[in-house]
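Trainee: OK, Swiss-Prot features for this one:
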type     : residues                                                   : note
ACT_SITE : C131                                                       : active site, acyl-thioester intermediate
BINDING  : S162, V163, G164, P165, G166, T167, R168, K169, N170, N273 : NAD(+) binding site
Amino acid sequence: MTQKIKCALIGPGNIGTDLLAKLQRSPVLEPVWMVGIDPESDGLRRAREMGIKTTAEGVDGLLPHVLADGVQIAFDATSAYVHAENSRKLNALGVLMIDLTPAAIGPYCVPPVNLKEHLGRAEMNVNMVTCGGQATIPMVAAVSRVQPVAYGEIVATVSSRSVGPGTRKNIDEFTRTTAGAVERVGGAKKGKAIIVINPAEPPLIMRDTVHCLTETEPDQAAITASIQAMIKEVQKYVPGYKLVNGPVFDGNRVSVFLEVEGLGDYLPKYAGNLDIMTAAAARTAEMFAEEMIKGELNLRAGTAASATETA
């Protein structure tokens with residue numbers, strides 16, 4: 001039987017519940033704990049029904065069980081406001097933290113762009129940016145690897161029903177963290193991010209718009225080829241990631257229009273924002289788990305998360 005790395009999920013909301021479904025299909029990850037604060041939450045109930053251990057006492061309810069149950073990776077899908085403390089407590093026990101909040105106290109990870117850069121660094125906290133960042137930063141990077149990008153702007157439009165209370169509390173952090181990652185991972189000299197929460201019924205699929213201003217006249221053929229190649233990379237783990245229109249060239253502006261359909265693991269397929277975030281987090285954790293299984297990554301208890309500014 002293939003060895004699996006045991007995981008805990010913190011936050012049984014939309015993102016945590018969708019992620020749980022993906023982890024149960026993973027060849028190298030085994031979810032064993034779901035952590036919440038409301039014993040009546042739908043996410044904790046679903047986890048219990050799946051045979052996952054649960055606690056409604058927050059991370060403090062998990063800590064006594066971490067070593068006994070062999071938890072080595074934790075996913076935090078709570079809020080930017082509590083993530084730093086959650087990470088500190090679990091890092092102290094040698095648990096690697098995958099951060100799905102916009103806290104961004106660890107380095108950014110957007111798998112098709114910079115996943116392999118995290119190999120061998122013994123990082124104890126990795127930040128998955130935001131759903132909007134995961135959907136759009138690959139496109140900014142696809143342009144910036146061809147030629148310098150002076151400015152990158154992304155607009156993520158998501159259905160209101162797919163946006164839980166944690167994300168709503170973190171709108172400012174969402175925009176700051178995404179804009180910072182457009183620069184640091186996407187390669188734009190200046191980045192801007194906008195999120196639109198659409199209340200339409202029936203709910204609309206996630207749509208994303210990316211605008212890049214190149215410093216010199218765009219090499220249309222090279223940029224188009226780069227974008228098409230990057231789309232294929234994202235589709236390896238998010239099959240519903242589609243280029244709807246573009247790249248459209250207007251002077252030095254390059255525009256790309258995307259939509260992201262989910263797998264429907266928890267919320268229906270319109271919630272592609274959940275899928276692109278949870279699939280990216282699972283892919284990242286799988287890389288670290290493969291390192292652990294090979295003996296190439298030994299987690300060190302007490303290692304503090306590395307600090308990254310969220311400009």
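Keep in mind that glycine also has a Cβ here, set from the backbone N, Cα and C atoms.
Describe each of these features in terms of where it is and what it packs against.
Mentor: Cβ neighbours of C131 (active site, acyl-thioester intermediate) (same chain, under 8 Å, six or more residues apart in sequence): A156, V158, M206, N273, L274, I276, M277.
In the three-state DSSP reading, G166 (NAD(+) binding site) counts as helix.
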Trainee: Across the record's NAD(+)-binding residues S162, V163, G164, P165, G166, T167, R168, K169, N170, N273, the largest CA-CA distance in angstrom?
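Mentor: Taking every pair of listed residues, the largest Cα separation comes to 17 Å.
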Trainee: Quick one: of S162, N170, which of the binding-site residues has the smallest count of other CB atoms within 10 A?
Mentor: N170
Trainee: What is the number of other Cβ atoms found within 10 Å of the Cβ of G166 (NAD(+) binding site)?
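Mentor: Excluding its own Cβ, the number within 10 Å is 21.
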Trainee: List the same-chain residues at least 6 positions away in sequence whose Cβ sits under 8 Å from the Cβ of R168 (NAD(+) binding site), in sequence order, or say none.
Mentor: I197
Trainee: Give me the non-local Cβ neighbours of G164 (NAD(+) binding site): same chain, 6+ apart in sequence, Cβ-Cβ under 8 Å, ordered along the sequence.
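Mentor: Set apart from G164 (NAD(+) binding site) by at least 6 residues yet with Cβ under 8 Å, we have G13, N14, I15.
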